[in-house]
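Annotated in TrEMBL:
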type: BINDING; residues: A:Glu71, A:Asp89, A:Ile91, A:Asp92, A:Asp211; note: Mg(2+) binding site
There are 2 protein chains.
Amino acid sequence: MDQTQLQKLDTTVLKWLDQIHHLVSQRVQQRMQIDTKSSRRDLVTNVDREVEQYYVQHIRNFDPEAKILGEEGFGDAVKSMKGRIWFVDPIDGTMNFVKQQAEFATMVALYEDGEPLMAWIMDITQHDVVHGGPDYGVYHNDEKLKLSDDIGLADGLVALSGARLLYEEPGFPQIAKAAIGYRVYGSAGISYLHVLTGKAVAYLSRMRPWDFAAGVALAKSLGLRVGTIDEQPVNMLVSGSVLVATDKAYADIMALLGKKG
Amino acid sequence: MDQTQLQKLDTTVLKWLDQIHHLVSQRVQQRMQIDTKSSRRDLVTNVDREVEQYYVQHIRNFDPEAKILGEEGFGDAVKSMKGRIWFVDPIDGTMNFVKQQAEFATMVALYEDGEPLMAWIMDITQHDVVHGGPDYGVYHNDEKLKLSDDIGLADGLVALSGARLLYEEPGFPQIAKAAIGYRVYGSAGISYLHVLTGKAVAYLSRMRPWDFAAGVALAKSLGLRVGTIDEQPVNMLVSGSVLVATDKAYADIMALLGKKG
């Protein structure tokens with residue numbers, strides 16, 4: 001895509017995000033229907049479904065040949081990364097959405113033949129958006145982001161998945177102890193925003209594709225390191241550990257865990 | 001104090017908080033001087049000191065007979081809770097202040113003969129204040145807060161001290177596992193704001209007096225439960241575990257830990 005096309009794509013999705021900000025701001029005033037999925041901690045609401053349907057409808061209209069991989073299942077069964085694929089997480093951090101009415105995000109990413117084209121993460125209540133792509137640059141709202149200082153683990157905050165840390169998944173407690181501090185936000189999108197804006201030096205979780213597609217795309221576009229702690233590359237179509245970090249924090253974590261970078 | 005005096009007190013301190021919001025917003029644009037105290041994770045900056053000095057100067061002027069107990073030591077050596085005592089934490093969450101320039105608080109509490117009169121907690125960057133007292137009511141900015149629904153641990157988020165959880169201080173991992181989720185914010189003030197506004201059902205940490213004086217005062221004023229997990233009452237002049245929770249979450253935590261409520 002050329003710059004004009006990327007610009008149009010960005011403008012289009014930012015308009016959707018505006019609409020979603022307004023829609024969700026209205027919905028939090030109303031009574032929600034809350035259901036559980038795989039466990040009592042895995043929630044979905046009518047708003048998750050409504051926002052995903054909004055995305056699917058608008059993406060189909062805007063880019064009818066692309067496939068859509070969405071958390072709530074209104075998209076397509078995607079078996080390969082060939083062609084254009086939209087990853088959609090309508091409400092990331094549904095527990096925060098339900099319990100706090102704050103600290104949740106919406107995430108969208110567009111990939112083509114396995115490579116990121118553009119992605120968007122919005123803290124919905126704050127209407128705070130990081131968006132961009134490798135050939136477009138990365139923006140924090142209207143301001144162009146530059147890669148933050150290359151700070152190592154011992155001098156930086158890390159964001160971690162609370163459950164992975166609490167149940168001592170290998171690597172998580174070691175990283176938390178080596179960092180100058182760790183934070184648990186309960187939302188991948190909110191955690192990615194911290195790393196992208198230089199507030200944290202790393203975010204590690206074990207996630208499904210819609211949880212990490214936008215974060216990985218934006219991190220790569222900005223020049224951050226992206227990998228796994230399983231000595232495998234990130235596979236965009238399966239669940240796995242995903243680490244996004246500064247160069248130094250990435251190297252520190254790999255050394256700490258005795259892994260190849 | 002009568003309502004007129006409480007109102008004047010509130011108006012006065014809210015003006016100080018406005019000034020501090022503006023002062024700190026300027027200071028984060030500038031180069032900070034960062035020093036360590038007890039460990040590499042225990043930071044103090046020139047801004048912590050400047051804000052405490054601001055408080056001490058204004059409190060001395062406004063309430064010359066009171067004593068002041070401040071984190072950075074510009075106040076008095078306070079040995080008893082007799083008379084009026086101002087507890088001051090200029091920047092709570094200094095690590096977040098330094099690393100994130102967000103997610104930190106300032107806290108002030110006024111006690112008389114051991115009982116809270118009024119307290120204030122402000123998320124400094126968001127300029128978001130919870131303030132009030134037992135004879136005044138508790139306000140979230142201009143809006144009167146009412147006690148949230150009495151939600152138990154299994155249905156609520158808890159905020160916890162990251163270090164206490166990570167090093168498995170007795171009680172912390174059990175509480176994190178029993179709650180529907182836990183969050184680590186790196187600031188007592190930010191954590192108290194979550195409980196006071198009904199976003200979390202409990203906050204537990206082990207803290208020093210200026211870390212908990214305002215949170216305890218506001219929680220009591222709102223009708224939340226306040227206690228320790230050490231089967232001791234909260235001692236306002238020494239460090240200790242401090243739990244603030246809804247009635248149900250408080251009872252759940254005491255039952256979980258086999259303690260008397």
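Note: Cβ is positioned from N, Cα and C throughout, glycine not excepted.
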Quiz item: Looking at the binding-site residues A:Asp89, A:Asp92, A:Asp211, which sits with the largest number of other Cβ atoms within 10 Å of its Cβ?
Solution: A:Asp89
Quiz item: How many other Cβ atoms sit within 10 Å of the Cβ of A:Glu71 (Mg(2+) binding site)?
Solution: 24
Self-check item: Env. residues of Mg(2+) site, Cβ within 8 Å of mean position of A:Glu71, A:Asp89, A:Ile91, A:Asp92, A:Asp211 Cβ
Solution: A:Asp48, A:Val88, A:Pro90, A:Gly93, A:Thr94, A:Ala105, A:Thr106, A:Met107, A:Ala188, A:Gly189, A:Trp210
Quiz item: Three-state secondary structure of A:Glu71 (Mg(2+) binding site) from DSSP?
Solution: coil
Quiz item: What is the total of other Cβ atoms whose distance to the Cβ of A:Ile91 (Mg(2+) binding site) is within 10 Å?
Solution: 30
